[in-house]
Every structure is written in structure tokens, then in C-alpha cells.
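Asks: Grabbed the feature section from TrEMBL, which reads as follows:
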COMPBIAS  1-12  compositional bias 'Basic and acidic residues'
COMPBIAS  23-36  compositional bias 'Low complexity'
COMPBIAS  79-93  compositional bias 'Basic residues'
REGION    1-36  region 'Disordered'
REGION    73-93  region 'Disordered'
Amino acid sequence: MADERTPPEKRLHAQAAANTSWARTPNRAARTAAGRAAADERFERLVDPDGVMDPIARAKAAESARKAHYQTMAAKSVAARRRQAKRRAGTAE
């Protein structure tokens, strides 16, 4: 039997399921620990692929790389929202 829900209906169902899952999660930090650890390792490998840096220096460099990554994402988000606003303004006239 085919799913006859529209994409917005599917999205609402998925969002409700995700919120239900999080509502039943007593320890959010534990649930996301593996993902945070993987992200930390990714940035450490990015700044020190050969693993030769002092651990403290590597951690500081990884934190700077992480900040730069999120700042770049934020800048791209601003640019995308600006383009979208210009498109909307152009179609509204």
C-alpha cells in the first residue's frame, strides 16, 4: 500500500515522532555524546592529520577550526537568506 501523505504531512509526522522521542529521553547529553565525540575527532584530524601535535595545542586548534566552520556556515546562511529575500521581493512586485 502506497503512502498517500503529502510531503508536508510526512514532515509533520516525522517532527512529531522526533519530538516524542526527545520527550522520552531522560539524559539528552548521553544520547548525543557519540555524535559530539565524533565531531571533536573530525576537527582534531583536520588540524593534525598525523597526530603529532601536543594534545592541548591540538584541542585549541580543533576548537578554532570548529568556530571557523560554524562562522562560514553562518555567513553562507546570511547570503542565502539575502538571495531568497531578493527573489521574493522581485516576485512580489
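Backbone N, Cα and C define each Cβ position, glycine as well.
Curation does not apply to TrEMBL; its annotations are automatic.
Surface or core, plus neighbours and distances: that's what I need for these features.
Replies: When Cβ-Cβ distances below 8 Å are used as the criterion, the compositional bias 'Basic and acidic residues' (1-12) is approached by no residue of the same chain that is at least six residues removed from its ends.
Taking DSSP states H, G and I as helix and E and B as strand, the compositional bias 'Low complexity' (23-36) has 10 helix, 0 strand, 4 coil.
Within the compositional bias 'Basic residues' (79-93), the DSSP-based counts of helix, strand and coil residues read 14 helix, 0 strand, 1 coil.
Listed by sequence, the residues of this chain that lie at least six past the ends of the region 'Disordered' (73-93) yet keep a Cβ under 8 A from its Cβ atoms amount to none.
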